[in-house]
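To start, the structure itself, in structure tokens.
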Amino acid sequence: MYKLDNNDIDDETNNSVSLTSLLEFLDPIASKVVSKYYHGSHLSKAEQKLRNFEGFRRRKPHHEHDSHHPHHLNRSRSFLQLEDFKVRALQRIRNLDKPLDSIFFKNSSRLEKAFYPFTLFNIFFIGFLMGRFPEWFHVYYTILFFVLMPIRFYTYYKTKNHYFLADFCYFVNMLCLLFIWIFPYSYSLFQSCFAFTFGTLCFAVITWRNSLVIHSIDKTTSCFIHIIPPCVMYVIYHGLPLEYKIERFPGAIIQSELDIKKNILWTSLYYLVWQSLYHYFITLKKSSKIKSGERMTSFEYLTTHQFKNFWAVKLRSPWPMIIYTLSQYFYQLFTMLLCGIWIRYKLAAALFLTIVFLWASHNGATYYIDHYGKNFEKEVDRLRLEVENLQQKLQPDSDAVISDASVNDKDYLNVNRDEDFDDSSSVSSKSD
């Protein structure tokens, strides 16, 4: 009879309820883009347990006392059924991974050609909805979110960047969805969503140079998660008719001025919730993978690239992380100081969103010019080097040909000179 290890059961039970274990559960299909395919240990263990489970089902119990423990048998059967489900799910995911990998990585040019008109259409259609049908804009935002986010998850997971999905901008998007569909009556949630979207998300476009590159799914999705949520909050507060807003979003009916103290309190509370979850599931539980370089986070990227020479990075652990966390918090408070203006003046809020959109568009234009311009320069330089190398290879051969030709010319002249001398001698003898 197949004997179960209680430690294995406990480990599997704990993993089944962990959010990060769901990500690690998919590890057998790790990225083919940045590394070779690795047949992960999760799949090997699951397949081994499935084989044991198949043998267990074919064998009858050898001991009579096993039949007197239905609880143990039910627990074993449930656990093995879970392993069976995991293996079948992994097989389905692997079967789906091959065409998706071809679409998003190997033959991405076709997808980018199709995504270019899709992005253009959405830019104009979003503007049309905001002006003509504002009551449907939050619905369209939700649809786009659940279209783009699975793509973002898949592409980030394949490139081992899926820990970036736990960043604050995604948390704010989830808060917006919670307000729209579950807690539309929550004044504090709307106040926090408005402050986060018009504060942290909008200024992130300027600070971190989000680029509206309309053929790129990755860059367009980044602009979507930073620009569209403040547009949704703008439409809900400034664009909806009062009667509809009272019925659909009662939490958005606030005075023309924000209570700064309450706003700081609520946003700090939501920020604390996010930081606690982030540091527990990512910083602590996955610290080994982060330190080994298997996974990348925003903190690791900043401290190893843009701010690697910053004095705070060179401090002993955990001071760099503490300084980074506090800096994020004060940055969030600083960026929401102007939210009182965006609440009070509709035109000012519209102009601010327009500036953010134009800033992202300018970054996108800069990307196109710099990226393709630099690639063209590199191609020209490469061709120039090839021509120079070819000329250097041909130079010795040409010199040899020229030297041979000069020798032949000298021989030819000498022969002609001798012939002329003989002819002159014969003529002189005849004359004599």
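Cβ atoms are placed via backbone N, Cα and C, with glycine included.
Positions annotated as topological domain 'Cytoplasmic' by Swiss-Prot: 1-110, 154-162, 209-221, 285-318, 370-432. For Ser78, the entry in Swiss-Prot reads phosphoserine. Under the heading transmembrane segment, Swiss-Prot lists 111-131, 133-153, 163-183, 188-208, 222-242, 264-284, 319-339, 347-369, citing sequence analysis as support. Per Swiss-Prot, the feature topological domain 'Lumenal' maps to 184-187, 243-263, 340-346; the stated evidence is a curator's inference. Feature annotation from Swiss-Prot assigns region 'Disordered' to 413-432.
Broken down with DSSP, the topological domain 'Lumenal' (243-263) shows 13 helix, 0 strand, 8 coil. All protein chains shown were included, and the count of other CB atoms within 10 Å of the CB of the residue listed as 'phosphoserine' stands at 10. The recorded stretches the transmembrane segment (188-208) and the transmembrane segment (111-131) do not share 3+ CB pairs below 8 A when only pairs 6 or more apart in sequence are counted, and are therefore not in contact.
Only sequence-distant pairs (6 or more apart) were considered; of these, at least three Cβ pairs between the transmembrane segment (264-284) and the transmembrane segment (319-339) are under 8 A, so the stretches are in contact. Contact between the transmembrane segment (347-369) and the transmembrane segment (222-242) is supported by 3 or more Cβ pairs under 8 Å, counting only residues 6 or more apart in sequence.
Sequence-distant residue pairs (6 or more apart) of the transmembrane segment (222-242) and the transmembrane segment (133-153) include at least 3 whose Cβ atoms are under 8 Å, placing the two stretches in contact. Note on the transmembrane segment (319-339): residues 168, 194-196, 198-200, 202-203, 258, 263-264, 267-268, 271, 275, 279, 283, 299, 302-303, 312-313, 352 of its chain, located 6 or more positions outside it, place their CB under 8 angstroms from a CB of the stretch. Confidence across the topological domain 'Cytoplasmic' (209-221), taken as the mean pLDDT and rounded to a whole number, stands at 94.
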